[in-house]
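As structure tokens, the structure follows; a few thoughts come after it.
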Amino acid sequence: MQLKYILFIPAILLIIFLYTYKLFYTFNFHPDFARDIYDLLMIVRGKPSLIGPKLSFGGIYSGPYYYYLLLPVFYLSNLNIYSLPILNAVFFVLALAFFYLFISKKYGVFSAILSTLAFAFIPIYLTHSRSPWNGSFYLPLLLIFLIWLYFGKFGRIESFLMGFLAGVITSIHLVNFPLLIFSAVFLFYFLKKRKNLGFYFYGILTAFLPLIIFEFRHNFVMLKNTFITGSYLNFIENKNIPDAVSGNKNVFKNILFLGKNLSLQLGVNILFYFGFFAFVWNRIKFEKNKFLIKSVSLLVPLYALLLRYQFGQHYLFPLSLVIAFTAIITILNLKSKWLLLVIILLELYSFPKNIYGLGARKPEKYETAVRYAINKKIIKENEPFNIIQYSEEYRIYVPVGHEYRFFFLKHGFKPKSEFEYNSSDILLIFSEAEELDILKLNSWELDQFGKENLRISEKYQIGDITIFKIKKTYD
């Protein structure tokens, strides 16, 4: 057996262990994930989708690739929720294996092992290998994209495929859009045949076809809702997510703010990386390497400019990954393997130990509540009902209760959509609070159903979940 495989096997086994240890025990049934598997189940039941989850910018939706990459395993596992964290971890590990194979050919086995471990221990990559989410699911694809971009040779077909991959990554989450520009400029400089850049853009356009078709079919509803009705202002004014964090309006101060968050995501202080880039600049011989350093140096202020309003940690994930990739490639080109050991030690010092704790929200609890509602005939087949959920953790921020909607649909009871509260005859409120006065709740969903109907309700208890059943009264 070749040396590169002998050394790789224990390294990859270590990574697999870190990415899958107590995976089911720690899994958290987040409302966003519940929304996603509800949409997946709708696709399984014969309702294909041209769009993915809604994004926080205006009325823009992501592309459908996140759903369709999860779909085969979800279907073949008979809708087993835990099949998806396993699949997610597999994607993250396979991207690292791809990275290792490329690096070992170019820089040797020992350098490849250290580089792969340095990437595997990046806190955001390690943490999000353990739970699928559209805000991080693209990270393995982005790693493959960066490897291919830096080391690949591009004819027409390769340029098209590269563009398609770039489009898929960007459509999964638009936080990758600045990198789309960066990659196009990179190819413009380094393609031997610049006319092939047209095939790259054609690939991007092809990847966005589902969203384009959706817009044509629905009279450009996303563009209208975002720019004509002005819903993008909710993003700029930081109003679309309750209690959301905002950046600093001063770009320089925002760079410092983003720098702190980038340091946490990378497990290495960002000043270490940029100080290193400045220190070794004159020793770098490869123009591609210099381009990467110039790019990340420009991307940081660009992200600081774009993220002055609403801020989420996941908005920085692409930038963190590109910075780490640039640092590792620079170290490899300088043949300074000892620096990889330094990075690994710093990352291990920042190891996110809480990732192996018990998940706060387990799917079994929600399925038990739904089974109870069905068995006790709280809701009957073909009754036009809708759902609101209330929890101490999320309050009324995510009221539509996809945690419950998924299990109702799985068991043959389809609730009306989150936009049809006004045409629902029955409302089920699932509360995880110890005491809840439903008359004091306020939300758009309740207004649509009719708050006047809340005065009369039936109350049930299953575990720590209280179920309120409200029937609409008609005068």
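Heads up, the Cβ atoms here are built off N, Cα and C, so glycines get one too.
TrEMBL annotations: computationally assigned, not manually curated.
According to TrEMBL, the transmembrane segment annotation covers 6-25 (among others).
Taken from TrEMBL, the feature transmembrane segment covers 55-75 (among others). Long-range contacts of the transmembrane segment (55-75) within the same chain, counting only residues at least 6 positions beyond its ends with a Cβ under 8 Å from a Cβ of the stretch, are 36-37, 39-40, 43-44, 49, 83-84, 86-87, 91, 132, 134, 137-138, 168, 171-174, 207-208, 210-211, 214, 221-222, 224-227, 229, 231-232, 234-235, 240-241, 310, 312.
Proximity of distant same-chain residues to the transmembrane segment (81-102), defined by a Cβ-Cβ separation under 8 Å and at least 6 residues beyond the stretch ends, is recorded for 8, 11-12, 15-16, 19-20, 23-24, 27, 29, 37, 69-70, 73-74, 112-113, 115-116, 119-120, 125, 128-132, 137, 139-141, 143-144, 147, 151, 363. According to TrEMBL, the transmembrane segment annotation covers 81-102 (among others).
Annotation source TrEMBL lists transmembrane segment at 109-127 (among others).
Look at TrEMBL and you will find 133-151 (among others) tagged as transmembrane segment. Taking Cβ pairs closer than 8 Å, the transmembrane segment (133-151) reaches residues 30, 32-33, 36, 52-53, 62, 66, 69, 88, 91-92, 94-96, 98-99, 102, 106, 119, 124-125, 162, 165-166, 168-169, 172-173, 175-176, 179, 183, 186-187, 288, 292, 312, 314, 317-318, 321-322, 325, 329 in its own chain, all 6 or more past its ends.
Marked as transmembrane segment by TrEMBL: 163-191 (among others).
Residues or ranges marked as transmembrane segment by TrEMBL: 197-214 (among others). Same-chain neighbours of the transmembrane segment (197-214): 50-51, 61, 63-65, 154, 156-157, 159-168, 170-171, 180, 184, 187-188, 191, 222, counting only residues six or more beyond its ends whose CB sits under 8 Å from a CB of the stretch.
If you look up TrEMBL, you'll see 262-279 (among others) marked as transmembrane segment. Outside the transmembrane segment (262-279), and at least 6 residues removed from its termini, the chain residues within Cβ reach (under 8 Å) are 121-124, 293, 296-297, 300, 313, 316-317, 319-320, 323-324, 326-327, 330, 339, 343, 346-347, 349-351.
Within its own chain, the transmembrane segment (315-332) has Cβ neighbours under 8 Å at 103, 106-107, 111, 115, 118-119, 122, 124-125, 128, 135-136, 139, 142-143, 146, 150, 175-176, 178-179, 182, 258, 261-262, 265-266, 270, 273, 276-277, 280, 284, 289, 292-293, 295-296, 299-300, 303, 307, 339-340, 343, counting only residues six or more beyond its boundaries. According to TrEMBL, the transmembrane segment annotation covers 315-332 (among others).
Residues or ranges marked as transmembrane segment by TrEMBL: 338-356 (among others).
Packing against the transmembrane segment (109-127) from elsewhere in the chain are residues 3-4, 7-8, 11, 14-15, 18-19, 92, 96, 99-101, 103, 136, 139, 143, 264-267, 317, 320-321, 324-325, 328, 332, 337, 340-341, 343-344, 347-348, 350-352, 355: each is 6 or more residues past its ends and has a CB under 8 Å from a CB in it.
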